[in-house]
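> The active site, phosphocysteine intermediate annotation in Swiss-Prot covers C11, C132. The domain 'PTS EIIB type-2 1' annotation in Swiss-Prot covers 3-100 and rests on sequence analysis. The annotation domain 'PTS EIIB type-2 2' is assigned in Swiss-Prot to 124-221 on the grounds of sequence analysis. According to Swiss-Prot, the feature domain 'PTS EIIC type-2' maps to 244-579, an assignment based on sequence analysis. The phosphocysteine annotation in Swiss-Prot covers C11, C132, and the record cites sequence analysis as its basis. The transmembrane segment annotation in Swiss-Prot covers 254-274, 292-312, 322-342, 367-387, 408-428, 448-468, 480-500, 507-527, 537-557 and rests on sequence analysis.
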Amino acid sequence: MKMKIAIVTACPSGVANSIIAAGLLQQASKTLGWEAYIECHSTVIAGHTLSEEEINKADLVILAANGKIDMQRFVGKKVYQSPITACTSDPVGYLKQAAEQATELSSEQATRCDSPATASVSAKKIVAITACPTGVAHTFMAAEALEAEATRQGHQIKVETRGSVGAKNQLTEQEIAAADLVIIAADIDVPLDRFNGKKLYKTSTGLTLKKTAQELSNAFAQAKTFSSSANSATNEKAEEKKGVYKHLMTGVSHMLPVVVAGGLIIALSFVFGIEAFKEEGTLAAALMQIGGGSAFALMIPVLAGYIAFSIADRPGLAPGLIGGMLASSTGAGFLGGIVAGFLAGYSAKFIADKVQLPQSMAALKPILIIPFIASLFTGLVMIYVVGGPMSSIMSGMTSFLNNMGSTNAILLGIVLGAMMCFDLGGPVNKAAYTFGVGLLASQTYAPMAAIMAAGMVPALGMGLATFIAKDKFEAGEREAGKASFVLGLCFISEGAIPFAAKDPMRVIPACMVGGAVTGALSMLFGAKLMAPHGGLFVLLIPNAISPVLLYLVAIAVGTAITGFGYAMLKKSAQAKAVAA
């Protein structure tokens, strides 16, 4: 029996998008052999309004619209809604997706969509900031998700991204002043002073990306007026419970560029020979001095400094840097740097909150008193309490990692590989990544190699799965698979998130098995990686990865396991027929 569909297209101007979408969907319905009744909201052509008879005949109602649509007439029908732009790239695939994902519209849902409260919400102006530790994938994917969902609901939105290249699409004072709502989707510390007096909602990039509609709804319901100087103790305690991870990730995000630059410059020095840097006055020696003697020397102080900065703002930076330098000089390594950062940050915050000075001396507090007392406290604790034990732990860990047998190496590779694929850029993934980056300062390069190789597997595997099992994926998913494969080559695990969000019970296990195998093989082959990011493009730097061929084999094997594994696990009932 021929499928009958009712289609409504609408865009704010009622000119181009609405007419183009109507034409594309009409042609696509003919291609599929479906009968379509189309209502095109336009300001330049006389539009047809769906009759009651046409709506009753329709098996499915599709609303490709940016704006408010009268929903009451569709109560009891299977309805699919999307932004108008979603239907233009692949209209046939869009119609198939609509047929699969449409849900019955209840009277309550229709009333909610048409109510004055909802109409007022649809006119809201939103400003947002997204930021993640590495500033590569989650930052921009979360921004795109927010923009798409807000546009779908009829809101005006502007998102400032704080990525690895700095702040882009920056919010102006006028835009902030005009905003009805501020959304902060960040996994690191973001300055909020400019949002004083605004309704503000905080969330993570992961939740924003995976549950965009829910988080947008939560933002309207749970946003509270922000005041940088008058936050309640309850709010501060609630923030602090989830703040430790955010403080750590702030330190890691600022440390990463230093480590990447240093690691690649060290790798360049090896072009002239593995031990060429020992000859003074040579270019190799200069490169080693820049990368190893300077960049890597700054790694732990920067980590500790920005952990403290995240906790106590600028007054925490100096004691954090000093504590980090002491951690480095005492051999406490990155673990000592983490401890130093939290010591410095919380001691500086305690002094700022508890020490009260006369108004005439208040200006001395952030410049003199806090840095002096917090640095003294942090330094003494690092030297007399923390330094020794942490140094012993780091020495033991480094010695174990450098001298462990193949069995232990494989086990470590399995654990690190599985962790990298467990939550695709989440806390477990970042814990494994931070562990590998921290060991670079101790000239331990094998775990970092296993971590990056395993981290590439999920996105590469999903790309492979969409290629070898095309009939099980709709057109949009196949396009996402191509993008995922490219992201995987760049060591951006988040390319697999769209697949994991739809089918987590199959995607995550397939990724973890592939990642664990890749991590194990990388450790077994003795692969070493000098830089903690860049994916296969690091191969352009001689000696940045060794041995290259075996490293590529490890990645290829894990990718094949994940790709073929997911292709087999994906239920045939989920298959998307290519033909109508």
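Quick reminder: no glycine exception, Cβ is built from N, Cα and C everywhere.
Can you tell me where each of these features sits in the structure?
In sequence order, H138, T139, A142, A186, D187, I188, T205, M249, S253, G425 make up the list of same-chain residues 6 or more apart from C132 (active site, phosphocysteine intermediate) whose Cβ falls under 8 Å from its Cβ.
This prediction places the mean pLDDT of the domain 'PTS EIIB type-2 1' (3-100) at 82.
Mapped onto DSSP helix, strand and coil, the domain 'PTS EIIB type-2 2' (124-221) counts 41 helix, 29 strand, 28 coil.
With a cut-off of 8 Å between Cβ atoms, the residues of this chain six or more beyond the transmembrane segment (292-312) that come close are 188-189, 243, 246-248, 250-255, 258-259, 261-263, 265-266, 318-325, 327-328, 333-334, 336-338, 340-342, 344-346, 348-349, 352, 370, 374, 438, 440-441.
Among residues of the same chain six or more beyond the transmembrane segment (537-557), those with a C-beta under 8 A of the stretch's C-beta atoms are 263-264, 267-268, 270-271, 274, 449, 453, 456-457, 460, 489-490, 517-518, 521-522, 525-531.
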